[in-house]
């Protein structure tokens, strides 16, 4: 039980000390970052008839175990992979990548069948043989391209090109009256299987084009191709042009609908903002109104204070009741504005005035 524990601890330590993102290492399935330099070749792969083979050295085929251990640099493992490679796509490139990486030191030879063989045994191709040769030449995993490759591999062909292993997917390939054209290669122990890439193949690409034929025909007519070049009849050409106009009108209507929706949405947003602002302002106005004119508002207090001041100014100042009447100074009389008459006086004042008048009259009589 100790080795698993120690390995677990070591793995944790590697994660902690790892240089990858978030402490990840190669064991976590994240490929390490590569230095910035060009890994591709600057020239396409040569053809087999352009490559010289040293026939002075005897051809001794290496075993699978020897190939896996690694061979000398001057004696790479020669792997052969053949195919049609019509509409060269990522599935082809991945298959050739797997063939190139079968062994540590691999020299990959790719055979491409001619148009004549392909049309006889498989069917019509989209690309001609020269286009297919050129496409395979520019794949980075290919070291050599064999033109006009045979449909069935014979021992003489394998010996002539000094082939050690043949790479292909493991699915039986029935053709040319055989249930599997690679059956004898498998029996000889020279077969190295590769995996197919699901979801991509030449047949799938052609199926997509045929399924959406009208779309691609209209597309190419719009780009300047003639109906004759596309093998389109006069009626279909007019139909495609009419469909193109209808699609343009639909697109314009759709654009107008989207713009109108955006406009309505903006109006709704602005109306909501205006309503919210109006509610805030109305609340503020009502609050200010109640503070000024409410039951306990500032206006009521102002009126009370003004009323008190007016009453103080109008009413006379009364003396204390404990002081004697004869010592009390007469209160200042209040004269009504715009009037010559004096207001009625109190009885005490009235008697005092009468005595003064009588006194003055007696003095006049004596005089």
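The backbone N, Cα and C atoms fix where each Cβ goes, and this holds for glycine too.
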211-238, 239-266 - the range that TrEMBL marks as coiled coil: 239-266
Cβ-Cβ under 8 Å with the coiled coil (239-266): same-chain residues at least 6 beyond its ends: 214, 217-218, 221-222, 232
Composition by DSSP (helix, strand, coil) of residues within the domain 'Cytidyltransferase-like' (80-208): 45 helix, 26 strand, 58 coil
